[in-house]
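Chemist: What follows is a structure written as structure tokens; I'll ask about it next.
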Amino acid sequence: MKPVLALVGRPNVGKSTLFNRLTKSRDAIVADFAGLTRDRHYGDGRLGEREFIVVDTGGFEPTAESGIYKEMAKQTRQAVAESDVVIFVVDVRAGVTGQDHDIARYLRTAGKKVLLAANKAEGMLEGIQLAEFYELGMGEPLAVSSAHGQGIRSLLTAALEDFAFDEPDDLALDDPERPIRLAVAGRPNVGKSTLINTWLGEERLVAFDLPGTTRDAISVPFERNGQKFELIDTAGLRRKGKVFESIEKFSVVKTLQAIADANVVLLLLDATQGVTDQDAHIAGYILDSGRAVVLAVNKWDAVDSYQRELLQRSIEQRLAFLKFAPVLHISAIKRQGLGPVWKAIADAWASATKKLATPVLTRVLLEAVQFQQPKRAGAFRPKLRYAHQGGQNPPVIVIHGNSLEHVTDAYKRFLEGRFRCHFQLSGTPMRIEMKSSRNPFAEKDS
């Protein structure tokens, strides 16, 4: 699982700027699940080969008792609870404040590793400016500048030093001994645990009729028709007889971690509620992660034909970016429609890991060009010459030629459709990369 770093601090100390720096994004919202995260934003970061999740929070006032500040404090406490490391951000230029002391007092009781990031430290005499921050009792302040990128690598190195990162898997992607890691993802109460319980034939995961009653991701070994699986319930496990209250029961972090750790994601939708913003955000993250995906609409038996038609349109419109994914209709509680789900999952993984021969790719490419040439860009028309596979899971197809920087997105989608049709690829995203010759006259037309 990817480690989780939570950014905590009072308002206007530069947390969002640091978030953008760590995630190499100006967007500050990589996975903002509407209605669930409010003032918590989630993004992916990387230091070399080490990947992690960053949680950005709103300004933290631990003693707030009402209004928006109380809600923001609640959100921040939840971010701390689901994190592995807390990065406590302070403002060097403003010095230590009473709010900083309040936050430090809270963090000392949180039981988490805490790093003190002294932000806005560019161009300052660090020893003099940082000395006062020792009084917070958070250890040595680490001087950083979110705006200028100074000290970021040292901060991340300290944050990640205690984590063992997974070594590359020695088993080939198509090795029959390799289990397919399947993440069952979706909003609270769409039936994730019920579906897995039905598959396993036992209450291995405790399912209650209440949104979000499971908590931490759990992996369950499973075998069907000779194929090994590892099922991941992204909401997680709540053990029988152990009752606890969570500030917010649906854990976005666990969902993101499970998706990142999976080979195939089964995205579960609720037929009685249609496609929501939360569904679309989760689907978008799955696509960005490059994971194979199957859509399953649960509680299909609970809606009439008119509602089914509306739902189909909603899926086509709101999840158009997942049009490559098969859509299946099921009832987990009644065990209806579950058989085809397994075939779709196996097909999606087979498609994601399929080996595509260069001669066949090139033939399909040239046939597509003969059927429909790319549009001219001024005096030049892009010349597509040959293609080869650049990667698996998801499939990457690299196309070589001249003036390929002028190939439109629409034409790339056309080519993707031709490749998908020929190789019968279902349930996996596909990436097409264009590589032009440096000299447009280096290769003569054949």
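Don't overthink the numbers, they just go from 1 along the chain as shown.
Backbone N, Cα and C atoms are what each Cβ position is placed from, and that goes for glycine too.
What you see is a predicted model, and the numbers here were worked out from it, not measured in a lab.
Not my notes, these are from Swiss-Prot:
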- 3-167: domain 'EngA-type G 1' (DOMAIN)
- 9-16, 56-60, 119-122: GTP 1 binding site (BINDING)
- 180-353: domain 'EngA-type G 2' (DOMAIN)
- 186-193, 233-237, 298-301: GTP 2 binding site (BINDING)
- 354-438: domain 'KH-like' (DOMAIN)
Chemist: How many other Cβ atoms are found within 10 Å of the Cβ atom of TRP300 (GTP 2 binding site), counting all protein chains shown?
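Modeler: Its Cβ shell of radius 10 Å holds 22 other Cβ atoms.
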Chemist: I need the CA-to-CA distance for TRP300 (GTP 2 binding site) versus ALA121 (GTP 1 binding site), whole Å please.
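Modeler: About 57 Å separates the two Cα atoms.
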Chemist: I'd like the number of other C-beta atoms within 10 A of the C-beta of ASN189 (GTP 2 binding site), please.
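Modeler: Looking across every protein chain shown, the total is 19.
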Chemist: What are the DSSP helix/strand/coil residue counts across the domain 'KH-like' (354-438)?
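Modeler: With helix first, then strand, then coil, the domain 'KH-like' (354-438) has 32 helix, 24 strand, 29 coil.
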Chemist: Looking at the binding-site residues listed here (LYS15, THR57, PHE60), whose Cα lies nearest to that of GLY186 (GTP 2 binding site)?
Modeler: THR57
Chemist: Let me know the model's mean pLDDT on the domain 'EngA-type G 2' (180-353).
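Modeler: For the domain 'EngA-type G 2' (180-353), the model's average pLDDT rounds to 79.
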Chemist: Taking the Cβ of ASN12 (GTP 1 binding site) as centre, how many other Cβ atoms lie within 10 Å?
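Modeler: Neighbour count, Cβ to Cβ under the 10 Å cut-off: 10.
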Chemist: When DSSP is mapped onto helix/strand/coil, what comes out for THR57 (GTP 1 binding site)?
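Modeler: Its secondary structure by DSSP: coil.
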Chemist: Which one, from the binding-site residues GLY9, PHE60, has the smallest tally of other C-beta atoms lying within 10 Å of its C-beta?
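Modeler: Comparing Cβ neighbours within 10 Å for the binding-site residues GLY9, PHE60, GLY9 has the fewest.
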Chemist: Using Cα coordinates, what distance in whole Å links PHE60 (GTP 1 binding site) and ASN189 (GTP 2 binding site)?
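Modeler: Distance (Cα to Cα, whole Å): 30 Å.
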